[in-house]
Amino acid sequence: MSSTRSPLKTKNENTISTKMNNMSFVDKENTPPSLSSTRILASKTARKIFDESEGQSKAKKGAVEEEPLLKENPHRFVIFPIQYHDIWQMYKKAEASFWTAEEVDLSKDLQHWDSLKDEERYFISHVLAFFAASDGIVNENLVERFTQEVQVTEARCFYGFQIAMENIHSEMYSLLIDTYIKDSKEREFLFNAIETMPCVKKKADWALNWIGDKNARYGERVVAFAAVEGIFFSGSFASIFWLKKRGLMPGLTFSNELISRDEGLHCDFACLMFKHLINKPSEETVKKIIMNAVEIEQEFLTDALPVKLIGMNCDLMKQYIEFVADRLLLELGFDKVYRVENPFDFMENISLEGKTNFFEKRVGEYQRMGVMSGTTDNTFTLDADF
């Protein structure tokens, strides 16, 4: 018996297919897989879902078109002429600070490692495990979201270089774990920290949720990842600098200087991108994101992995994290929340502000020669006075 039903491929579906084909790359990035033009919408429920998603897509498209950073740019494949000089300068700073894991001398660290107390070794190994995993998460966000959304060439240059540096950071932390930890089972436990350590998993999940949130706008996610690099890393950086103050682990502490400088620059760049946004998240939204990150970091370093294990004061560490959060809020253009002083004098010149003199000091001479100099600095003359 032949059916009298009309085919499912109706005029409505053809319209859907046409709309899908005409969508820009940015729209497709935010489009659920179920809206593929090859997928048949076989029920009223599915059609309703599509209509709602289409409305959200149009709203997002309007927001994208209003943002110069996200607006489709046909000139994005060529760098010159420079349009955003402040963003380009950030890229050149990142380029000038390039280094590799092979340049860090770990030969003296093993002797120090063996002389540490058990609780000190426990703390350091767990902090390194968090760091080794977190840089990969930052890269996941850059590859999956930011580099696909941002259309400004200068910013794409920075993100591309940041990806390379995050890989070097992750390699460095993995190398440190490989050097210090001789037991293969313990090494495997540390390398898989996101699955094996609940305290690390909580921080990782927070960041991963922001990557996967298709409804969160770019501005909110920029703030979230500024918090990851500016707050989630800050307490752990401070704990390793505390070891430096005690004259311990020279290889670990030197690599920590290099990495904290890099992360400071990455955090500054996030704040710069935020300032370029036309439609910024509200102050309430920004402060909610920052304060949530502060709570998680305070719990991490005073409860889950307390800094008292290495002789630091937990209350002062809480205060330091609040101080760092206030500084980040100021850089984003908002008022402080916590209004506390920096309790760690040894962190005064090692802040997470890439624009401080910490960067200009060329730590360990790791600023590439000539990269930050102007073209006139490279001229040859014979008019020197003798």
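A Cβ is built for glycine as well, from the same backbone N, Cα and C atoms used for every other residue.
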Candidate from GLU120, GLU220, GLU229, GLU299 that Swiss-Prot assigns to the same Fe cation 2 site as GLU166, GLU263, HIS266: GLU229
Looking at Fe cation 1 binding as recorded in Swiss-Prot, which candidate out of ASP135, ASP183, ASP205 goes with GLU166, HIS169? ASP135
Cβ-Cβ under 8 Å from ASP135 (Fe cation 1 binding site), same chain, 6 or more residues apart: which ones? GLU166, ASN167, HIS169, SER170, TYR173
For the binding-site residues listed here, HIS169, HIS266, which shows the highest count of neighbouring CB atoms within 10 A? HIS266
Take the Cβ of GLU229 (Fe cation 2 binding site) and count every other Cβ within 10 Å, whichever protein chain it belongs to. 26
List the residues in the vicinity of the Fe cation 2 site, defined as same-chain residues other than GLU166, GLU229, GLU263, HIS266 with C-beta within 8 angstroms of the site's C-beta centre. ASP135, VAL138, GLN162, MET165, HIS169, VAL228, PHE233, ASP262, LEU265, CYS267
Measure the Cβ-based neighbour count of GLU263 (Fe cation 2 binding site), defined as the other Cβ atoms within 10 Å of its Cβ. 25
Hey, what's the Cβ neighbour count for TYR173 (active site) at 10 Å? 26
Other than ASP135, GLU166, HIS169, which residues of the chain come within 8 Å of the Fe cation 1 site, judged by Cβ distance to the Cβ centroid of those residues? PHE131, SER134, GLY136, VAL138, ASN139, MET165, ASN167, ILE168, SER170, TYR173, ILE259
